[in-house]
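If you check Swiss-Prot, you get these features:
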LIPID     Gly2  N-myristoyl glycine
BINDING   20-27, 64-68, 124-127  GTP binding site
Amino acid sequence: MGLLNSKNPQSKQAHILLLGLDSAGKSTLLYRLKFAETLATIPTIGFNVEMVQLQSSLTLTVWDVGGQEKMRTVWDCYCENAQGLMYVVDCSEGKKRLEDSRKEFKHILKNEHIKNTPVVILANKQDLPGALSAEDITRMFKVKKLCSNRNWYVQPCCAVTGEGLDDGFRKLTEFLKSYRRTRETLAIFKQK
């Protein structure tokens, strides 16, 4: 993976929340990014936390929170320190599951702790027949409307092959840099 790099002690850190329904591919995606290979995963009960060093000298602490229905009720608890949200959608699923995913996405965006944080939706499983495109997900999830107050991007990807992951994380790091500059500027004005 092109974004991975050796540890740099002077790198900046960012806390990223990785959410999506169960079986959307969150853990597969995270371990593909971290180890540049596909690892066998099991359903996440609770959460996984991994630190991923990017070439941009930014270290991401990625919180991969389980997507089972019972776990979704505690997603809000993980938002407090999040500086970015990556939401994974299984684009090959049926209408009911996609609608459930859309509802959960809409709900999590209402959390006060992440009201302006950047969002990247990873439109996963593009390798499967009939998978919805990034444009389809943008429309179905009403991303333009729901994310009008923040930077957002919808990236088609395949967690198994790694296709599109570099681009999605690169976009997120661009957003994070911009988000930090904005927050630092606001902090300066608040001090005056």
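Backbone N, Cα and C define each Cβ position, glycine as well.
Neighbour counts were taken at the CB atom with a 10 A radius for the binding-site residues Ser23, Gln68, Gln126; the maximum falls on Gln126. Taking a C-beta cut-off of under 8 angstroms and a sequence separation of 6 or more, Gly20 (GTP binding site) has the following same-chain neighbours: Lys26, Gly67, Tyr87, Val88, Val89, Asp90, Ser101, Leu122, Asn124. Compared over the binding-site residues Lys26, Val65, the count of CB atoms lying within 10 A of a residue's CB peaks at Lys26. Under the DSSP three-state reduction, Gln126 (GTP binding site) is assigned to coil, being neither helix nor strand. A strand conformation is recorded for Val65 (GTP binding site) in the three-state DSSP classification. Ser23 (GTP binding site) falls outside any helix or strand according to DSSP and counts as coil.
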